[in-house]
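Following: one structure in structure tokens, then a few remarks.
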């Protein structure tokens with residue numbers, strides 16, 4: 001508030017000052033720093049720094065350190081400086097790019113980086129056309145003339161097929177799935193020294209072409225797997241094979257001297273072959289990089305090839321000239337495939353994109369790359385359905401996807417493999433409407449469904465071959481057991497064979513066949529199953545089944561069990577043959593073959609070899625009892641053990657494998673085959689306790705003993721699978737035993753049943769599983785039990801009981817003779833039984849119809865088998881032990897031998913341990929134990 005004395009003076013003063021609109025504009029931007037002491041050069045540097053930061057912020061710098069290093073190397077700058085972190089290296093690159101932008105005057109900072117390739121690719125994705133020659137025009141006309149009638153024929157059949165009721169389709173697809181589920185492993189064969197990479201079956205299904213990394217193309221016969229031809233011409237890996245349409249088919253009149261097969265190699269060349277000449281008829285040159293896949297046009301006039309030079313090409317087969325060079329992929333093209341009409345071609349490659357081309361016009365019909373529908377990794381396989389408008393694509397992402405050209409979208413897909421898909425084939429069978437004879441109509445005039453197109457097969461790097469249904473995309477069958485990635489797969493047109501390749505060290509072909517009633521695999525020279533008469537089991541039949549040559553797996557660093565050496569044929573009867581073909585006949589041996597096993601040929605005496613076999617199976621039995629495994633599993637393990645030593649020997653000094661190691665491995669494998677829920681560590685601990693002869697031994701999972709057995713089992717498991725050719729189907733006599741006892745109406749006879757069960761247990765300790773089949777073992781067990789218990793079996797229908805069961809007297813006598821020798825030698829040093837006298841004879845076990853029931857014949861009996869007391873408790877319904885002098889429910893003695901007193905029976909039973917006498921000292925008992933276990937010295941497996 002102003003003082004009153006000054007108020008009058010202020011009000012009289014005129015206003016002074018300037019208005020805002022009257023302020024003049026200052027156009028002098030020079031900043032005078034003279035008063036502040038800041039030089040002008042420094043102020044200019046500050047402004048330049050702000051401008052550089054603004055420019056640097058607009059430059060895109062990669063965040064990936066690998067790309068940062070690559071850009072620095074490209075600019076000639078040090079890739080890294082001492083003590084420089086990732087962030088510092090990226091900032092240094094940004095600074096260098098900023099300086100480069102200032103020098104070149106690119107103030108927008110649009111520097112060419114790796115990400116800029118996307119813009120260039122977008123520009124290159126635009127379609128462009130180049131003028132073709134008259135040869136291409138003629139080729140397109142011929143393709144149109146060939147494909148249009150085929151398309152008309154195909155659509156006519158599809159119209160007729162559309163009238164089939166849904167219920168008929170469902171029933172037919174169910175039958176197809178049941179047949180596909182019956183495929184089983186048949187055999188394998190070595191086809192090259194290097195890894196195999198490609199396979200294709202001939203149209204007649206009798207030959208298979210196989211290519212390997214060494215540049216060799218071989219023809220192998222089906223089903224004998226004998227090599228027929230070895231084509232030589234490529235210098236690098238074979239990656240493409242294709243059969244000429246109609247080749248090897250008599251009705252198509254394709255001469256063996258003309259082009260029958262084509263192959264593509266990594267050197268970039270394509271060779272065409274005949275069946276009578278091991279050198280190429282013609283060579284197609286033009287690709288600058290590896291030829292990945294090739295395929296003949298359905299007409300046979302042209303050949304398509306995919307290459308890593310980002311193009312696929314169309315060749316004229318007659319003139320061997322290039323007709324078309326088609327670009328369209330940003331990376332290498334890996335797969336090509338023609339549809340059944342011959343009008344469309346599908347191509348796909350390493351850019352994860354597939355394209356459908358119209359060969360009649362050269363236009364792109366469809367791109368197999370929808371949003372969230374396409375593959376995210378390279379595409380390795382393509383194949384069309386027999387309907388002509390659906391195509392499958394298999395990728396390294398493990399997915400197989402179906403694309404419909406009519407709908408121009410993806411219509412299905414399945415996560416087929418856990419790893420990359422290597423090959424894939426959509427089934428086109430003999431009933432294909434274009435390449436075969438289409439199905440007709442039934443008696444009511446209704447159209448029958450076709451099998452073609454109902455399923456497809458695929459192979460992958462996850463070591464599996466899988467069969468999928470093509471309607472609901474469900475998994476029908478998994479063909480496993482391969483030791484490495486499966487490189488390729490193919491089928492025969494008749495649907496009987498699936499051929500696939502194994503990539504690791506052992507290059508093999510696996511054949512699968514659906515078992516059919518009455519079908520015999522034509523792998524043996526005789527072409528049929530041998531008769532039950534032992535005289536038909538001649539050594540000549542074994543010519544086609546030699547011992548396998550093992551491929552030692554990688555050895556563990558924790559263990560040092562000796563590796564088995566590859567063994568050549570071990571008997572003159574089996575020399576000079578190929579790798580064994582899996583099947584039931586390969587495990588039927590003659591007595592001469594059992595007496596000339598690899599171990600015996602290496603110097604072990606027959607008696608010593610029989611003793612080691614018995615100890616090995618007894619090792620399995622002891623560990624199995626400790627694990628509470630069923631007797632069927634122990635039988636399977638014993639059979640694995642015996643079969644293995646028909647291919648390998650036990651002489652460790654000459655590279656053999658100790659029988660305890662194989663016994664433990666056989667038990668481990670049988671546990672998995674029979675699907676018993678026993679953990680691996682429990683099996684390892686059990687076999688370690690049995691090996692140390694101490695059931696109360698505490699085995700630590702981190703101990704050296706535990707790891708030694710663990711590595712030994714896992715190492716020899718692969719060797720055993722190779723020696724058994726992955727044929728793990730084993731029949732057991734126990735199921736036959738109760739079935740046959742039921743047919744004879746004597747299953748209620750406990751003593752006879754127990755004696756027969758004990759015979760089966762003891763039979764596995766011998767070579768009986770190698771000599772006769774499981775059903776014959778069961779019949780021999782009934783024969784033995786009848787004599788052992790002095791009980792006769794009534795005739796059935798006027799014929800002896802063994803003839804009613806269709807048993808063979810010769811085989812029964814052979815089995816009894818083997819058991820007689822076993823009980824005489826007594827390799828396990830158990831109780832020595834008193835053998836029956838006179839010798840066994842089937843007639844003595846027969847009760848004729850005219851014989852009075854009250855006057856049965858009296859037969860000799862034994863005092864018990866040596867191992868009956870050890871394992872009879874595992875037979876069904878056993879509450880007490882049965883020895884030679886046991887009694888029935890009426891108190892009658894079963895046998896002519898004198899009755900044993902209670903102390904003697906107790907001494908023979910492991911369930912009732914006899915208390916030591918007062919006079920027995922600890923030293924006496926120790927001497928007895930040492931004497932009883934004297935035969936077991938040196939049986940522990942040494943490192």
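Cβ atoms are placed via backbone N, Cα and C, with glycine included.
Sequence annotations record features per position, and here TrEMBL assigns compositional bias 'Acidic residues' to 109-127 (among others).
The compositional bias 'Basic and acidic residues' feature in TrEMBL is assigned to 529-544 (among others).
TrEMBL lists 556-575 with the feature compositional bias 'Low complexity'.
The annotation compositional bias 'Polar residues' is assigned in TrEMBL to 852-865.
Look at TrEMBL and you will find 912-933 (among others) tagged as compositional bias 'Basic and acidic residues'.
The compositional bias 'Acidic residues' annotation in TrEMBL covers 934-943 (among others).
Marked as domain 'Pre-mRNA processing factor 4 (PRP4)-like' by TrEMBL: 63-113.
Residues or ranges marked as domain 'Cyclin-like' by TrEMBL: 618-722.
Annotated region 'Disordered' per TrEMBL: 108-132 (among others), in sequence order.
Residues annotated as region 'Disordered' in TrEMBL: 509-582 (among others).
Summarising the annotation, TrEMBL assigns region 'Disordered' to 850-943 (among others).
Taken from TrEMBL, the feature repeat 'WD' applies to 255-283 (among others). In the predicted model, the repeat 'WD' (255-283) has a mean pLDDT of 93.
Annotation source TrEMBL lists repeat 'WD' at 284-325 (among others). The residues of the repeat 'WD' (284-325), classed with DSSP into helix (H, G, I), strand (E, B) and coil, number 0 helix, 23 strand, 19 coil.
Helix, strand and coil residue tallies for the repeat 'WD' (326-367), in that order: 0 helix, 22 strand, 20 coil [DSSP]. The repeat 'WD' annotation in TrEMBL covers 326-367 (among others).
Annotation comment: TrEMBL describes 372-406 (among others) as repeat 'WD'. Within the same chain, residues 151, 154, 158, 331, 334-341, 344, 346-354, 356, 365-366, 412-426, 428, 432-434, 450, 452-453, 456, 458, 460, 462, 468, 470, 473 sit at least 6 positions outside the repeat 'WD' (372-406) and bring their C-beta atoms closer than 8 Å to a C-beta of that stretch.
Beyond the repeat 'WD' (326-367), the same-chain residues lying 6 or more positions past its ends with a Cβ under 8 Å from any Cβ of the stretch are 121, 124, 127, 129, 132, 140, 143-144, 146-148, 150-151, 154, 289-290, 292-299, 304-314, 374-384, 386-389, 391, 393, 395, 403, 405, 408, 428, 432, 434-435.
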